[in-house]
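Asks: Dumping what Swiss-Prot says about this protein:
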- H131, Y135: heme binding site (BINDING)
- 1-8: topological domain 'Cytoplasmic' (TOPO_DOM)
- 30-162: topological domain 'Periplasmic' (TOPO_DOM)
- 9-29: transmembrane segment (TRANSMEM)
Amino acid sequence: MNPRRKKRLTLAVALIGGVAAIASLLLYALNSNLNLFFTPTEIVQGKKDTGVMPEIGQRIRVGGMVTVGSMVRDPNSLHVEFAIHDAAGGEIIVTYDDLLPDLFREGQGIVAQGVLSAPGVLEATEVLAKHDENYMPPEVAEAMGQTHEKLDYNQEQKSGGY
């Protein structure tokens, strides 16, 4: 092989290696920042079609209804724990160490984002509450619509009482 061809081959191999390294770093960065959406039932039992369950330490988003009577506040800090459930009967515990949104209340739909710290326990970094009685996050509405009809709220829930 003459020196000119050897130089071209070395350059081509280096270029292909560089592109492969950049692509792998890009995919790694995207994968570590990816937040998959789950319902409480999917966290407990896995997704219906694939059986995929979130791993401990994985960043996820979970949506459902706050279980009435499940909220426990720590009087000495902002720490709060509550359960969320879906129509299929799945329920998980969410822990949160910050101020809850003003519209947050039991019996309402929420989406929580955070890290799965144990089976059935989400350490939330962000909690989003619905805006009014007609709004439901698209992911939650889709998940709830797959299992049963639209949820009806009683008068106490509509008025914002606990």
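Placed from the backbone N, Cα and C atoms, the Cβ positions cover glycine too.
Please situate the listed features within the shown structure.
Replies: Mean pLDDT of the predicted structure over the topological domain 'Cytoplasmic' (1-8): 88.
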Asks: Can you name the far-off residues of the same chain, 6+ from the ends of the topological domain 'Cytoplasmic' (1-8), with a Cβ under 8 Å from a Cβ of it?
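Replies: Sequence-distant neighbours of the topological domain 'Cytoplasmic' (1-8): none found.
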Asks: Where else in the chain does the transmembrane segment (9-29) make close Cβ contacts, counting only residues six or more beyond its ends and a cut-off under 8 Å?
Replies: 1
